[in-house]
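**Student:** Annotation source Swiss-Prot lists compositional bias 'Pro residues' at 421-466, 482-504, 518-659, 690-699. Positions annotated as N-linked glycosylation site by Swiss-Prot, on the basis of sequence analysis: 106, 301, 352. The repeat 'LRR 2' annotation in Swiss-Prot covers 158-180. The repeat 'LRR 4' annotation in Swiss-Prot covers 206-229. For 253-275, the entry in Swiss-Prot reads repeat 'LRR 6'. Per Swiss-Prot, the feature repeat 'LRR 9' maps to 324-347. For 1-39, the entry in Swiss-Prot reads signal peptide.
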């Protein structure tokens with residue numbers, strides 16, 4: 001069992017001496033009672049007890065855990081002390097003793113009387129500002145298994161430079177009064193049950209070097225200012241932090257930083273390359289993603305680099321060869337592709353390289369387990385290496401390998417944005433070009449259509465209403481045909497996860513879910529064809545300028561009755577229909593821009609006035625164009641009129657639906673590959689043990 005989850009067991013021996021053997025019922029009762037008593041002592045602090053302690057702390061804490069300046073004068077003490085600082089320490093320690101709920105080893109049993117320097121776990125030393133004055137310089141209660149909370153009175157011990165409480169059962173928050181401990185040098189509250197936001201009191205300590213919050217329940221964001229402190233060790237692992245890793249990480253002079261087992265998101269900051277003193281960096285088991293920044297290769301002093309169980313994508317940067325001091329590299333449990341470079345496995349000090357549970361399709365000769373570097377522990381299982389055993393299936397590999405990631409466009413690796421968004425933008429551009437070519441073969445019909453319309457716009461109202469009357473019929477047919485393929489897409493999307501056998505992946509596939517957003521970029525190509533009908537209409541909207549004259553007359557009001565029948569499906573299938581309904585009116589300005597091309601072919605309009613015959617075939621294409629506006633424009637006009645102004649950025653509207661659909665499809669992939677047969681133990685290989693009491697000048 002991991003050391004941080006050990007139940008603190010304490011045995012008890014019950015001796016039952018009785019003159020007469022008890023009856024079986026009485027014996028059973030006594031044995032049962034003794035079992036309950038011993039089991040109660042053996043278990044760690046329950047949630048109910050923890051809640052009770054937290055409630056006690058909240059009832060005793062002043063506002064925000066701050067202390068009034070005259071608190072020491074509010075305590076009537078009959079004992080005498082060598083100096084005022086020891087008196088203040090006595091007040092603080094007595095308040096702390098009252099806040100203790102359980103002390104199984106009786107560690108604080110001798111916390112009585114004014115001689116605080118004799119208390120167990122209390123360290124005294126000459127004051128830094130006056131060597132003739134003895135003060136409480138530190139508290140060391142590591143491993144005492146004490147349950148309780150921290151009272152605000154602890155802020156009275158302003159000479160404390162060392163505060164070690166690891167491996168206890170303290171609950172509640174870190175009081176704000178700790179800001180007064182300006183001499184704090186080492187602060188270790190790891191392996192307890194503290195809660196609340198990040199304890200910002202650390203930001204007020206000018207000389208703190210060691211900061212350890214491991215194995216607690218702190219949550220929220222980590223302030224960027226933390227990495228601007230002159231800290232040598234920063235332990236944040238195994239909490240509930242959810243923020244991104246600040247870019248200020250590169251300003252930290254720390255030699256050890258751990259982010260493991262939280263919920264950090266975003267990228268590894270590119271500033272990491274500025275951490276010249278860094279020896280160990282652990283990102284394991286978070287929600288980090290994107291490509292690895294090439295700046296990692298500047299960490300020439302790093303011995304441990306662990307980025308396992310995240311959502312990193314793309315190829316390994318060639319700059320990794322700059323990790324000349326590295327001994328252990330763990331990048332398993334991601335979505336990395338490409339090759340494992342030969343020169344990475346040739347690093348002089350490398351002892352362990354784990355790149356299992358990725359999608360690598362090739363590896364250098366020295367990276368093959370049992371190859372030329374037999375002294376190195378290598379793990380390449382569950383990749384896409386054709387010649388190696390225990391690899392992923394071809395179908396499983398195709399899901400990721402067929403969607404390569406260009407890290408030069410990835411924001412985490414220095415690109416302007418992720419490749420997923422630009423790709424849909426580029427895809428629509430060719431789509432409108434194709435409709436432009438389509439009008440060219442039939443320029444005569446659209447040209448003939450506008451020619452009569454402009455010549456007699458007022459005279460045509462009568463035929464115009466007739467055409468809309470004919471249009472609803474095809475309109476009703478076309479929308480029905482278009483929703484059918486739309487649902488077919490979602491139906492087809494769930495199939496791949498069923499086909500892809502990923503149930504044996506022991507790693508949390510949530511990273512895979514998160515990272516499928518970039519790969520969809522190439523997949524977004526299918527959606528554009530689905531939405532391509534809307535793009536072609538815009539060129540067709542070049543005629544609509546005259547058609548806009550019909551919209552003003554409420555001739556199109558008849559269509560609304562049928563559309564309501566079809567309006568439910570669009571919202572059911574996807575929001576794009578309502579999104580595209582505004583675009584036609586919004587795109588109406590662009591058509592005038594595109595209308596210049598029609599005017600060029602407008603030279604042909606005058607000749608054939610027999611446009612009425614062609615319009616029927618031409619009306620068949622327009623129905624898709626006109627049907628959406630009449631069918632959906634009423635809903636948009638009546639229900640959300642303000643939406644059109646918000647959607648004044650139509651060009652971007654086409655891409656958003658695609659990413660949205662892709663983000664929904666990945667969850668389909670995510671649930672499939674879930675399996676917990678193989679459990680990765682927590683990272684305990686490199687323990688930064690709490691240092692002994694400080695041996696610096698004055699203490």
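Please read every residue number as a count from 1 along the shown chain.
Quick reminder: no glycine exception, Cβ is built from N, Cα and C everywhere.
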**Student:** Looking only at 106, 301, 352, the glycosylation sites on record, which one has the least crowded Cβ, with the fewest other Cβ atoms within 10 Å?
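**Tutor:** Minimum Cβ neighbour count within 10 Å, taken over the glycosylation sites 106, 301, 352, occurs at 106.
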**Student:** I need the CA-to-CA distance for residue 352 (N-linked glycosylation site) versus residue 301 (N-linked glycosylation site), whole Å please.
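**Tutor:** Pair distance, Cα basis, whole Å: 16 Å.
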**Student:** Return only the integer: C-alpha distance in Å from residue 301 (N-linked glycosylation site) to residue 106 (N-linked glycosylation site).
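**Tutor:** Answer for this pair: 45 Å between alpha carbons.
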**Student:** Based on DSSP, tally up the residues of the repeat 'LRR 6' (253-275) by helix, strand and coil.
**Tutor:** 5 helix, 5 strand, 13 coil
